[in-house]
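What Swiss-Prot records for this protein:
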BINDING   ALA24, SER25, ALA26, GLY27, SER28, GLY29, LYS30, THR31  ATP binding site
DOMAIN    3-477  domain 'UvrD-like helicase ATP-binding'
DOMAIN    505-788  domain 'UvrD-like helicase C-terminal'
Amino acid sequence: MAVKYTPDQARAIESRGQDLLVSASAGSGKTSVLVERVIREIMDDHLEVNQLLVITFTRAAASEMKQRIKQRLQDRLQEETDASQADFLRRQLAEIDTAIISTIDSFCLDVIRRFYFAIDIDPDFSILTDATQIELLKERALRDVENGYLQNEDQAKKDRFLALYDAFAGDSNANSARDLLFDLYQFAMARPNYRAWLQKLAAPYQLETSDVVDSTLWQEKIKPYLEEEFSNLADKLTALMAEADFDHEKFAKYQPAFTAFATSLASYRESLATDDPFDRQRELLAACQFDGTLRTNKEIADFVEEAKEVKEAGKQLVFNVYTSFYASSNADQHALLAKGAEIASAAAEVELAFIDRFNELKRADRVLDFSDMEQLAYEILTQDSSNSDLARAYYQSRFKEIMVDEYQDTNALQDGLIQRLKKAGKNNLFMVGDVKQSIYGFRQAEPSLFIAKYDEYGQENSAGKQRIIFAENFRSSQPVTQAVNLIFDSLLTKDFGGIDYQKEGQLKFAAGYDPEAALPTETEVLYQEDSSATDDDGELNQGDLAMVISRIQKLIADQTPIFDPKTGQTRPVSYGDIAILTRSKTSNLDIKQEFDRYGVPLFVMDVQNYFQTFELTVIMSYLKIIDNPDQDIPLVAVLRSPIFNFSSSDLAEIRLVNKSVSFYAALRTYAKKDTDLAARCRDFLAQLQDLRDFSLSHRISELLWTIYERTSFLEIVTAMTNGQQRRLNLTALYERASAYESSGFKDLYQFINFIARMRKNQKDLAQPILSENAGNSVKLMTIHASKGLEFPVVFVLGLEHRYNYQQDITGSYVLDASGLGLSFAYPFDEAEYRADTLANAWLKIAKKKKLLEEEARLLYVALTRAKQKLILAANIKLPARTDLAGLEEKWAKEISAGRLTLLDKMKVAKPLDFLAPALARAKQVKRLGEKAVSDLATGQEGSLVFVHFDPKKDQAQLPDSEAVAASGADLTEDEAAVFKQAEKLYTFSQGGYPYLDASRTTAYQAVSEIKKVFGDPIEDELADSHISELQSANRYLQPIDTEPDFLFQNTVSSAELGTASHLVLQYYDYAKGDKDAIDSCIAGLVEKGRLSQTLASMLDREALSWFVKSDFAKDFYQQPDRLHREENFATILSPKTLFKDFSDFPGKILVHGTIDGYYEAENGIILFDYKTDHVNPRKQDEAIQKLKEKYQGQLRLYERALNESGRLPVLKKYLVLLSCREIVEVD
């Protein structure tokens, strides 16, 4: 049956003599159109298949396209009655396998092999595909370059090199200079003229004017950005003031503060617009302060709440802009920019030397890597030489049409190469793609190339160029397309994403599902409320998984109908119809284990990141302490591992020997004792020293195998869950170490850094996961892996987890295709703080916007994979000051004129921030209700439903005992023994073990871990672990030598605000006697890197000032030496003291914690603890009483610790309630 194409599809198939750009939305049939165009050109235009160049993004796509074209040609041949035409088709079929329907890399390889003589390279080369070997060659090349500079007799050249490395000497990452050079390589290799690009790195730093305001960077980039930001704020302020009736008594008291702020803001905006000198603008912006407190007024409560939001938005914007662009004076910026020009030039020089040396090493080995193929092919086609002329002429005459699939994922080099294949004046370029699905920025893809052509080809006067838009979606049901449009209407705009989704990007439902079929008709927002849910890591918790498993079980139990295109009929959904999409694969093994526990079959499409597995964490930690044992985190990781099995209480006892030295020093001291634990310490230290000695005279691979043998670690991990996979991973590390040494490297420290860099660059060495084919199983994969695929039912998980883009926009440098941003320790001779150059400040914003745009596009890809049912699953974290209804109302208000503002989009920290405003607004406007999981039924009306998961009512069902017993039927003899042992342990745990409660806690507790006994609301928010597989086993594994996460986040939780408030009060200097110094204290913490700009702007400074000015604090100024803040303590307690349900257990628990503050008065101690909990002003007395009850136990712990320390007795205990400005005594 002939395929019926839409008018736009027909134009794309039939148009000739024009360069065409097809913008094909998800599910719009672009591959079918591309294949049909090829067939028509062969059949109707009589083009030979070898006269077409078809570039695809992946080898799989190329193979599929060849197969489709071959099948279509075979079908036409069978129908053909004309003999000459049949002969022509047979020739095309014979040539199809050699036709250039391939990836860009494969085509470039053809260019090099055919015209190698144009660039004078040895034609007998091979392709280096092993990522490890490539990294090793890079390492060797950079080492050679470093040595060459250090030994260079040209002192000026040597000084430039040393200046480059010295510029990063104070950075927290000791390898920052080398990381910059490796990162520069990735960007440079994606440029059509990388030498020119590198040489321009210093351009933004070379000021041509005396005032930075007159510079090109300021005028073309920074000024327009600032004008837009402050215009947005001014509009909000104007709207608010227009709403207020300042003539009325209720509003009048708010007028002075808003008027003053509006006036100062207007003065700054005028100064910015008229290009006043930089220092004048700086002065005016600093004066934009909002004075006064907005106290609650019940009569105009809505106005006051809105006023508070505008005030906070203004304060935050002023603070962020000042600290980003105006923190340094004009003179200081000139000094910083001059330094930036020097370092950027040096970086370009060293980078070029590194590239040249890397190329020399590859040529000597007669190998090329993938970046060489594109660079060399481009060089062949662009050189001004007779041989290059010959190459260009060959391809330009051969290819009658150039077709590029997935054009949105090309980079500048690839695009430049494609353009060189076109003959001047000949319009024979066909490009198809979808900028909304450009998700490969980490591979240097540049969606801006697509956007530029999209705009150019869409103009009426674009002669020889045409843009065609495929809007019809033939994949998804109407509820899916409606939900996608609902979300992205507000999200993708010309200033964010480069396309106006409302006008040009919406999906048009065209799937043609049978309207009579009782198919699932609603897209679901499946959520649960969680006041303890964290959203600052990428780990999925069991609550997320239980919710999804429960919903899958119900879909299967209800026999939810889906349409089967193979039979043309509906049938019940099966596990194999369902896909789960996640942002990353870090939780895949945990998800697999949880699904196995509930008996839901799951096929994992990706393995867990190799370097984050438990076994690699332990072994790499062991190598680190063999190289240098004076590292707390890796040392404790090894001690706590199954190799040595030190318990938490063992580690606590060792640490208490001396808390002021490194853990290694404490361990050596403790080993001198005469106890069993000390003997174990001595055994460990002896083995460690043996291995350290061994490492000095043996290869790294030999050291690794010796560790495996002496510790039996291979056998240990083999006995664990997924044991065979873990063993393969350890073997892979041994093989990589051997490869590292075969390239001439021997140093253990450098090997550790090499592995760290591979981890940073996501070079995965994992062995393929051992799994059978998917079969009838739920499929789990990353969103990236799902691109191009489709599934009847799609779950999107992890919407509440924070993005990890901060690592790309913090540190000593920011790198992007548009340039290099640098910051420096400043002043240069004193290095008091790290200062941004203007170039770095701007690039941070520009790169953050690019990263967030890509995250939005990634969401689009995820949502458009669903054919018949889409389920968005989120664990919604409730802020301390609001309930879900209040949160939804706040979200809905963010939609202005149907869209999110750019300012709001730039604040996004997680996928839910993108989705929630549009969903909440739709719920509000359309008056959509909510349903429980248990109330869901098939074939319901509507396109969107909010489904509340209640863990108590909607619990996922575990397999019954018969099913569990049956699951052991196919076990091996050894596995059956383990199964029986597990059953014994289960029975034992239900019976008479006398100390069962003790097995459910540890002998080492932190106050932060037992606060839930006293009801602390932020305990879970503050929890964090960077080594997930060791988290529950060991408290010492937290990264205590790294900066807290809140230093780098742009949006913050109530827990982080509380922590930041504590920090300010910890460092506030009472000795200076200045009660108005809170602002300077905060500024100092920001300058020293202890506090982020975002957090500083959101602190309740009025509350902090209130406390330091209070009567309670007056003695602190008179005798500051008697004030103690952030005092650590440790005490031994009976378990029953902490846990009222604890059975009689003879052991003790070590509790450690930190006391906010106490003051030693003449006759005793005054103990106090800061709290930032929200206090409802309407029920203040009741709320305060609850807080006193909640924290009474915690303060008693502190009191006991102080009394046992031999100090004066504790006289009184107080809670300092910052939110309501009250200090209350606790019994």
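The backbone N, Cα and C atoms fix where each Cβ goes, glycine too.
Non-local contacts of LYS30 (ATP binding site) by the CB criterion (under 8 A, 6+ apart in sequence, same chain) comprise VAL22, ALA24, ASP405, VAL432, ASP434, PHE470. Model confidence over the domain 'UvrD-like helicase C-terminal' (505-788) is summarised by a mean pLDDT of 83.
Annotation: ALA24 carries the greatest number of neighbouring Cβ atoms among the binding-site residues ALA24, ALA26 [cut-off 10 Å, Cβ to Cβ]. The C-beta environment of THR31 (ATP binding site), restricted to residues of the same chain at least 6 apart in sequence and closer than 8 Å, consists of GLU64, MET65, ARG68, ASP405. Taking the Cβ of SER28 (ATP binding site) as centre and 10 Å as the limit, one finds 26 other Cβ atoms among all the protein chains shown. Classification of ALA24 (ATP binding site) by DSSP places it within a strand. With a cut-off of 8 Å between CB atoms and residues at least 6 apart in sequence, the same chain places GLN9, PHE470, GLU472, PHE474 near GLY29 (ATP binding site), listed in sequence order. In the three-state DSSP scheme, GLY29 (ATP binding site) falls into the coil class. Using a 10 Å Cβ-Cβ cutoff, SER25 (ATP binding site) registers 26 neighbours. GLY27 (ATP binding site) counts 22 other C-beta atoms within 10 Å of its own C-beta, drawing on all protein chains shown. Note: the ATP site is recorded as ALA24, SER25, ALA26, GLY27, SER28, GLY29, LYS30, THR31; in the same chain, ASP434, PHE470, ASN473, PHE474, ARG475 also have Cβ atoms within 8 Å of that site's Cβ centroid.
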